[in-house]
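For reference, Swiss-Prot has these:
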type	residues	note
REPEAT	164-198	repeat 'PPR 1'
REPEAT	199-233	repeat 'PPR 2'
REPEAT	234-268	repeat 'PPR 3'
REPEAT	269-299	repeat 'PPR 4'
REPEAT	301-335	repeat 'PPR 5'
REPEAT	336-370	repeat 'PPR 6'
REPEAT	371-405	repeat 'PPR 7'
REPEAT	447-481	repeat 'PPR 9'
REPEAT	482-516	repeat 'PPR 10'
REPEAT	638-672	repeat 'PPR 14'
REPEAT	673-707	repeat 'PPR 15'
REPEAT	743-777	repeat 'PPR 17'
TRANSIT	1-42	transit peptide
Amino acid sequence: MNKTVVRCLLSRSHHPLIHFSTNLSLLHRVFTCSRYLTARFMSTPPPDDMFGFDDPFSPSDSREVVDLTKEYSFLHDSLVDYGNVNVHQVVPIITQSSIDARAIADAVSGVDDVFGRKSQKFLRQFREKLSESLVIEVLRLIARPSAVISFFVWAGRQIGYKHTAPVYNALVDLIVRDDDEKVPEEFLQQIRDDDKEVFGEFLNVLVRKHCRNGSFSIALEELGRLKDFRFRPSRSTYNCLIQAFLKADRLDSASLIHREMSLANLRMDGFTLRCFAYSLCKVGKWREALTLVETENFVPDTVFYTKLISGLCEASLFEEAMDFLNRMRATSCLPNVVTYSTLLCGCLNKKQLGRCKRVLNMMMMEGCYPSPKIFNSLVHAYCTSGDHSYAYKLLKKMVKCGHMPGYVVYNILIGSICGDKDSLNCDLLDLAEKAYSEMLAAGVVLNKINVSSFTRCLCSAGKYEKAFSVIREMIGQGFIPDTSTYSKVLNYLCNASKMELAFLLFEEMKRGGLVADVYTYTIMVDSFCKAGLIEQARKWFNEMREVGCTPNVVTYTALIHAYLKAKKVSYANELFETMLSEGCLPNIVTYSALIDGHCKAGQVEKACQIFERMCGSKDVPDVDMYFKQYDDNSERPNVVTYGALLDGFCKSHRVEEARKLLDAMSMEGCEPNQIVYDALIDGLCKVGKLDEAQEVKTEMSEHGFPATLYTYSSLIDRYFKVKRQDLASKVLSKMLENSCAPNVVIYTEMIDGLCKVGKTDEAYKLMQMMEEKGCQPNVVTYTAMIDGFGMIGKIETCLELLERMGSKGVAPNYVTYRVLIDHCCKNGALDVAHNLLEEMKQTHWPTHTAGYRKVIEGFNKEFIESLGLLDEIGQDDTAPFLSVYRLLIDNLIKAQRLEMALRLLEEVATFSATLVDYSSTYNSLIESLCLANKVETAFQLFSEMTKKGVIPEMQSFCSLIKGLFRNSKISEALLLLDFISHMVCPL
């Protein structure tokens, strides 16, 4: 580049110094400074910082060009000040040699005859100055090819100077511009006529150039011409030809050249011989390679054997490659780290992972350690093959070799384990966690893809707290998660119903300065809606609008659906209007959600009207608000839409209409899916139409849908309800025949059914069997079993089961305590019942129904109803404790344990301001106190009762009057009687 700039500067004048009339010493300082800048701009120093000792002609030099213009702007300014040099150009280096080269080039280029008297006279002054660099520079400055040849010939004639290989190469490069271009005959003739020796060397150089360029045909033609002129190819030419053919995998051609070379009594150099031996081994001819060594009288060294081993690995001759290690040792030529690494990489490239283990152990025993890059490749290979255990061991081997595992290898291992959803198991996840802990200790982070995969695996294994902490730990190590990473982790937590952790992570995300997008907000809104936490979902909905994040149709649909399921139809309609006003049009999912939501809100007729309008009916005015933006070209009902309405019919026991809708689906070309069939079968079972349910099951099978656990569960549950255990057993046998193992729901239904018909021992055996088969009972199973033993009076067994629940990690819920306390009361174990109530309070159960609805999830409606809890659960703001207290107080009154009953009633008053539902309890307790001659206590309770808003029954007044008479308090009795008469018949 410097020479090009020099040429531009000097082409303006015949004399190179015409533009530099200022102080020469100052100019020299400027150019010295610019020389440093030029070196800095053109390349970066080599790794050892020994600038100037790197080979500028090395083909492997791939150093980056670093732009330091800004950093050294002050030096550019100084150049402008002193020399008026353009700061955007690299300042050339002017030397005496450059001046001479320009002078010679101008002289030669300006004349037709270089060998004329005038030219010879001018050039004579430069004879003693001729050198390799000067000649090359002149050749590059001369424009005309003929003049280039003339100067080349003239320079070769001068005493004290002889052309070198770089000069020949420069000449060939100037004459042959294209790789496939031949040298013009006139140029060859000119060189030949002048100096045959130079001509012969020139032809050799020409052959080598075409070999390096891969132009084999031209190289062979030039070789033929060289021979035609009775010149011998040089050793370098033969070596270059052989190397070129070997590089092109033309082993036969290389062999022919070698045979000719041998006939000329020439030997290959060491590099060419190694390449030849490698190529022979690569095609399995390793014996020929050894013969070649003997023929060439070459003494093999470590580099040579390493090359042979590399070729044998390419040929998949691994046993032979291993044998060459022994050959090396036999010749006192020890394998080094390059040898072992070559063998190791060769086995690795051919997927010979078993041999890799053997080679790795051998080389480490001999103190030869693979590089971190090779370790990374090994870990990747073993992870790909599924041997994650050995991949983890390689991390330990890295440490033994002095290499600390870093970012790449940890991400390879953890990413491979967590990236394969199908093969993941507990052992592999434990291994990933172990590697993750070590990675944290080393201060290394996962990339965002592997953070998402790792947290997904942790969530799937139920390790939600660990998944939640991963983000925080990664941030602590310098990892900066983006919105996408947070969204994926939030989605995993929400899908696992870990709403509290999702809430905390979402808030942490916002505190970190990240702005949630519509996708993230929609995940949170949809998940919290499905969990019944509508108020929080609405807060986020409002928040996203405030921060300028426009909700999409999915966001609106999730919230509308939640409002409808919560029977807040007005809120849903208002939100639907907002959606339309914001220009967000409902889609088929929205309308399907409307139908499902209205069904769950008990408005099946409204759902039918929406469905009719979707089908094209215009005479349905009551649902106009939902169809302001709906036209005939909009999407028709799909299988989800049909399924939502069909499920609504079944849940409201309108199974005939559900059956007709199923037929209508098929007529409209909408094929029912598994979910639709299962919903209809469950609906038919619920109303006792078991024969029709079996018919639908048969139809389902004919359409290619095998019975599922849900199908079998519906049938088994109903058969037990109608006390047809024989048919339930047949369904169970059919399940097992179809390799459909019962789950905890089916086992629980069977256990509950057996308990209901008094077969408690059989139910208990079934529960033991399900544990043996690896299906662990849940809280519903234990509660059903406790209820069964309670019905036959085995309270001790019930308590043992409660204790067993704790040891198994199954927490009892409200229904469990309610069932057990009820049976304790019925069997007279009032103290035990009271202790259970205290235990229930101490475990921090919620005080209102809204907080414990999720607690009873999993129990079917019939079971809850059989315990008398259905009405309690349906009333908002009713404390779940109150029913348990009432149950226990009533039984204490019957047992005449009035003091404890009074104390519990006082406790009840702390939970609720109004005790209207306790009217009968108050009246019973007043009557019992009067019968026990505790009239004063009865009057105090009467006073508290009226203050709480509980209206006394006439029986309470009668009990109080009788009690007063028995205690000879006649006047008080008459006053109370007078009060009653005025209350009943006011004046």
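Any Cβ shown, glycine's included, is placed from N, Cα and C.
Residues of the repeat 'PPR 5' (301-335) grouped by DSSP class, helix first, strand second and coil last, total 26 helix, 0 strand, 9 coil. Here the repeat 'PPR 17' (743-777) has Cβ contacts under 8 Å with residues 709, 712-713, 716-717, 719-721, 723, 725, 728, 732, 735, 784-785, 787-789, 791-792, 794, 808, 810, 863 of the same chain, all six or more residues outside its ends.
Note on the repeat 'PPR 14' (638-672): mean pLDDT across this stretch is 92. Within the same chain, residues 235, 239, 242-243, 246-247, 249, 251, 254, 258, 262, 307-308, 310-312, 314-315, 317, 320 sit at least 6 positions outside the repeat 'PPR 4' (269-299) and bring their C-beta atoms closer than 8 Å to a C-beta of that stretch. Sequence-distant contacts of the repeat 'PPR 5' (301-335) (same chain, six or more residues past either end, CB-CB distance under 8 Å): 270, 273-275, 277-284, 286, 289, 293, 342-343, 345-347, 349-350, 352, 355, 362-363, 366, 368. DSSP assignment over the repeat 'PPR 14' (638-672) gives 26 helix, 0 strand, 9 coil. Long-range contacts of the repeat 'PPR 10' (482-516) within the same chain, counting only residues at least 6 positions beyond its ends with a Cβ under 8 Å from a Cβ of the stretch, are 448, 451-452, 455-456, 459-460, 462, 464-465, 467-468, 470-472, 475, 523-524, 526-528, 531, 533, 536, 544, 547, 549. Under DSSP, the residues of the repeat 'PPR 17' (743-777) split into helix, strand and coil as follows: 26 helix, 0 strand, 9 coil.
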